[in-house]
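Annotated features in TrEMBL:
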ACT_SITE  LYS186  active site, proton donor/acceptor
ACT_SITE  SER381  active site, nucleophile
DOMAIN    113-268  domain 'Peptidase S49'
DOMAIN    365-515  domain 'Peptidase S49'
Amino acid sequence: MGHFFKKFLVVLGGITLFSIVLSLSGIIFASFKTLKVQDNSYLELSFDGDLEEKTAEGLQSFFSPHVSLRSVVETLTHASQDPKIVGILLRLNQQSPAGFGQIQELRNALKRFSQKGKKVIVHCDTFGESSSGMAAYYLASVGQEIWLQSLGSLNITGFGVEIPFLRKFLDDYGVTARILRREGYKTAMDFLTHEGLSPQNREDLEKILTARLKQFITDISQDRQLNPSHMREYIDRAPIVTAETAKKMGLIDHIGYIEDLYTSLKAKMKEAGQFVQFKKYAESLPKIKAKNKIAIIYAVGPIMRTSERGNPLSLDAVTKAEEVRKAFEEALKDPHVKAIVFRINSPGGSAVASDTIWGAAEQAKIKGIPVIASMGDVAASGGYMVALPAKKIVANPATITGSIGVYGGKLVTNALWEKLKIHWQSVQVGQKAMIWNSVKDYSKEELEAVNESLDQIYDIFMQRVSVARKLPLNEVRKLAQGHVWTGDEALSRGLVDVLGDMELAITIAKEEVGLKKDEVVKLEIFPRETTLIEKLRMLLTGNSSSLSLKGGVYEIFKMIKVSFKSMVIESLYSPLSAYFENN
């Protein structure tokens, strides 16, 4: 029986391996096919999932039907100059295809596309179904025509957040969150330490939500040529439950199914036209060959110290400090790299990891290679610190940034163990050997040590802001305290230099090194992306920390441990991106 089972596993493994190789072969051979685009053609882009900052990595990149934000922007730029492309059809099948800052970048790219005489047509079955449709409609409003199904609705109900507070729950189970912070507006761990919203937490949340709604109303009123006061009335009346009502209000243009839209466009395209899948068109574009390069380095997701190579099956975006450091090192060694665009979409994380990345970016400045920081949805706390060495910081109006502060601490579980009748004993050599042990609370001496450490990190953070932004230290202290700011608020306070997207950051990088705006340069991502074959080898050989012989359970607990350390022990982190993710 055991022999049969072993044979079965071998055969099953062989079939799986053969299937993967066969699929990859099809993908590789398909990439060599030349796409022939006919006259009067429309690109067709469906948003069925989250839009990633950069091209997917790991095994999912083999089969992912999605494109990255950068790929969308670059492809739209190329298509705007392609005489065979007359427009783009956007199909919005998800309530929130991207974060609010990313949507602003998509809107900018689509506006540039339409300014070249191209059509932007949008179809959506419904803008939210018992859920918010704010993000999807914000993106759709840039189109010249918006189509909505007959039973679709317009859930433009405003912005709101909901936060669970665990203080009473933890108290009941004998767990205490001993969290220290610098300062009162550093509220990331309030859900553990408070029973509800603190005045500071409520103030920051209301400020961000109000600013976001103002941007939403202003932009859509301009796009749809509506009175802003009427737009605010529509939001307060929402959800707008019928497509007919939405059309009368001027919020949409047509009521119909996707088949109706196809029929309408085909009549205008004549016989020669076709619908071209956006990803296929993007993959068919010629590679740019140029001597001069601008390096693109990404910091996406929570910032962590781990330097281990990621699991090729992983779907989670994490900023690994050592990987980013090596990216800067690699870019600085390339003689053709004239400037670096540092793309940041991170709420922060480990203070030490953030410091590592800050140091790597400082090296570029020392060596005379200008760094231009481009902020996405969020670049807060440690995500703001790593931007400080940049010669210019570019933020979207909706970017969540700032959160200059730090917190640290631990969960104290001694009362929990007493409830469970479990008795712990310890042996230590060194007065503070058990300082991070969760079974006991801090002693007076340990608490002083933690406070001293937090003070040091906070002071260094503020000093770096003061030097980089040329602001007096007393002014920085007012802007710090954990306060979060939108991009436009950060601009008025001197924390960023200009409002705009990554495309603007690239233009500024060119200007800094004396290149013309329209000069062709190679945009090269560092570190070099792994090839299909390398990813497959990682998957099959276990050349990845998450596929080690120690096993999956070990790795899961290891990830939890690392994540908790990154978030709680001396952490530069802002949670607001998670709050606003689905609104």
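Keep in mind that glycine also has a Cβ here, set from the backbone N, Cα and C atoms.
Here the Cα atom of LYS186 (active site, proton donor/acceptor) is found 9 Å from that of the residue listed as 'active site, nucleophile'. All chains included, 33 other C-beta atoms sit within 10 angstroms of the C-beta of the residue listed as 'active site, nucleophile'. DSSP assigns the residue listed as 'active site, proton donor/acceptor' to coil in the three-state reduction, outside any helix or strand.
In this view, LYS186 (active site, proton donor/acceptor) is surrounded by 30 other Cβ atoms within 10 Å of its Cβ, with every protein chain counted.
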